[in-house]
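Q: Starting off with a structure, shown below.
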């Protein structure tokens, strides 16, 4: 090649206006061809369903199109939409279990065991839940899958145990839905004697409408209801302090201080203490729902840890502080207290009434109704998602896997909503019969211990997961969220659940104020043999076995987050490191 070849003038290609227009038209045409493929890719985003609504269709057509099956699934094999935001999860975690267990159930606890038993036992169960929720949060961030903790039990413990626990958990919330509808109607009797069926119909329609709008509607409704409960409980705490100090002009008792709690701190001895221990555990039912919702949370690695850390404040403020104040204001011998007589009133409402504050008891009764509606809403969500998760694990009929274009597990949801009509059995009581109470008591007895089985399984799953994770050479740095209590926290949580089962057995066998009898025992402990029957039956059918730690599948669906904190500046002093560690647990 000669030197002159490097000095050649560059050649330019010229285009006419006609050629330019032709090229632009071809480019536009090729971009149109690319657009559908980009939309198709959005369908395979893990856990997401396409949000693009079809153009040119009216509302009615789109409404019916939404019921058609989802076009594609996420990598966990489901088509649930990740529509829950961090704010939803935080309010669900704070207000999720602030409901009838606190506002109503604490009354029977106070009557059975006295104020000291209430404060001690609710604090102990709160510590147990603290360990359980952190263990659940770690696994939910690592495996944000449909079915949540029920799926973990199948995977890490044994498929037969997962089957038994999942069905027990489903039955619990399946029955709770119509029961809470009935409770809504009964609560209105504080103001009016309107037929209960009318209130049941109103609330049933409301719950159906909420579920028609999918998981986002559930999240928004729970956000609003939980906000009301949180504000109301804060308001009660402030008011209760004022009442105790004698600051209410209409309260002629003056300064109360600790005079009531000193009079009779305990009731019914050890039996009363055990009774409150189990009642307190039931009051925290629903705390674990944040783990079940992991498959529908947008960015679970950020949303779930924040929600988990709120549990400490909910336990410390809303349960312990409010119940200490209830113990200071209400005598366990009060005949109006739930558990002491035929006329039963919530201890929160009773504390306000005894201070002779006009109008405010009705306001707090409205808060109790809101809390019952919240529990009803959560029950439909929990039961439907649990049934859908079991279908994905082949532990329930496969048609319950059906998910529509809005990410709703449609058939599972319909079955749960239809069972809500069972609440009308309350009408059978008009002739003086207690048909509804008898039926609901025995239906609840089938799954009465589901909380203990579920929480214990979460702890055991976390222990096995951690051991297998270490055995197979993985580092905790790979996880997006790590429980600061580790395996030992889960061991303590598991131990507490075993204690709860023992206490429930004792109280069922030797009921307060009565002699041992078959009716009381099986209403309190029937769930144990039922769960065992589920376990043995599935074990015979599936012949499943428990894999060893080194062969346990912990990689499928595992979300790892290596080098997650590399950009964060490490504290330079020991005091700052301690402060960071403490704040990371609670904030």
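Cβ from N, Cα, C; glycine included.
So Swiss-Prot says this about it:
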type: TOPO_DOM; residues: 1-90; note: topological domain 'Cytoplasmic'
type: MOD_RES; residues: 29; note: phosphoserine
type: MOD_RES; residues: 30; note: phosphoserine
type: MOD_RES; residues: 37; note: phosphoserine
type: TRANSMEM; residues: 91-111; note: transmembrane segment
type: TOPO_DOM; residues: 112-115; note: topological domain 'Extracellular'
type: TRANSMEM; residues: 116-136; note: transmembrane segment
type: TOPO_DOM; residues: 137-158; note: topological domain 'Cytoplasmic'
type: TRANSMEM; residues: 159-179; note: transmembrane segment
type: TOPO_DOM; residues: 180-193; note: topological domain 'Extracellular'
type: TRANSMEM; residues: 194-214; note: transmembrane segment
type: TOPO_DOM; residues: 215-222; note: topological domain 'Cytoplasmic'
type: TRANSMEM; residues: 223-243; note: transmembrane segment
type: TOPO_DOM; residues: 244-272; note: topological domain 'Extracellular'
type: TRANSMEM; residues: 273-293; note: transmembrane segment
type: TOPO_DOM; residues: 294-310; note: topological domain 'Cytoplasmic'
type: TRANSMEM; residues: 311-331; note: transmembrane segment
type: TOPO_DOM; residues: 332-354; note: topological domain 'Extracellular'
type: TRANSMEM; residues: 355-375; note: transmembrane segment
type: TOPO_DOM; residues: 376-405; note: topological domain 'Cytoplasmic'
type: TRANSMEM; residues: 406-426; note: transmembrane segment
type: TOPO_DOM; residues: 427-444; note: topological domain 'Extracellular'
type: TRANSMEM; residues: 445-465; note: transmembrane segment
type: TOPO_DOM; residues: 466-491; note: topological domain 'Cytoplasmic'
type: TRANSMEM; residues: 492-512; note: transmembrane segment
type: TOPO_DOM; residues: 513-520; note: topological domain 'Extracellular'
type: TRANSMEM; residues: 521-541; note: transmembrane segment
type: TOPO_DOM; residues: 542-580; note: topological domain 'Cytoplasmic'
Q: Cβ under 8 Å, sequence separation of at least 6 from the ends of the transmembrane segment (521-541): give me the contacting residues as numbers and ranges.
A: 158-161, 163-165, 167-168, 395, 441-442, 445-450, 453, 501, 504-505, 507-509, 511
Q: I'm a bit unsure how to read this: which one of 116-136, 273-293, 311-331, 355-375, 406-426 has the highest number of Cβ pairs shorter than 8 Å with the transmembrane segment (445-465)?
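A: Ranked by Cβ pairs under 8 Å, first place goes to 116-136.
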Q: At a threshold of under 8 Å on Cβ distances, which of 116-136, 159-179, 194-214, 223-243, 406-426 pairs most often with the transmembrane segment (355-375)?
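A: Against the transmembrane segment (355-375), the leading stretch is 223-243.
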Q: What same-chain residues lie close to the topological domain 'Cytoplasmic' (137-158): Cβ under 8 Å, and 6 or more beyond its ends?
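A: For the topological domain 'Cytoplasmic' (137-158), the sequence-distant neighbours (Cβ-Cβ under 8 Å, at least 6 residues beyond its ends) are 47, 76-78, 80, 165-166, 169, 288, 290-295, 297, 300-301, 304-305, 307-308, 385-386, 388-390, 392-393, 395, 454, 457-458, 460-462, 464-465, 468, 479-483, 539, 544-546, 552-553, 557-560.
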Q: Count the CB pairs under 8 A between the transmembrane segment (159-179) and each of 91-111, 194-214, 273-293, 406-426, then give me the winner.
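A: Comparing 91-111, 194-214, 273-293, 406-426: 406-426 has the most Cβ pairs near the transmembrane segment (159-179).
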Q: In the topological domain 'Cytoplasmic' (294-310), how many residues does DSSP assign to helix, to strand and to coil?
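A: The counts are 14 helix, 1 strand, 2 coil.
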Q: Among the recorded stretches 91-111, 194-214, 273-293, 406-426, which has the greatest number of Cβ pairs closer than 8 Å to the transmembrane segment (223-243)?
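A: Highest pair count goes to 91-111.
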Q: Counting Cβ pairs closer than 8 Å, which of 91-111, 273-293, 406-426 has the most of them with the transmembrane segment (194-214)?
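A: Looking only at 91-111, 273-293, 406-426, the most contacts with the transmembrane segment (194-214) come from 406-426.
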Q: Would you confirm whether the transmembrane segment (273-293) and the transmembrane segment (406-426) meet the contact rule of 3 or more C-beta pairs below 8 angstroms, pairs 6 or more apart in sequence?
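A: Output no: the transmembrane segment (273-293) is apart from the transmembrane segment (406-426).
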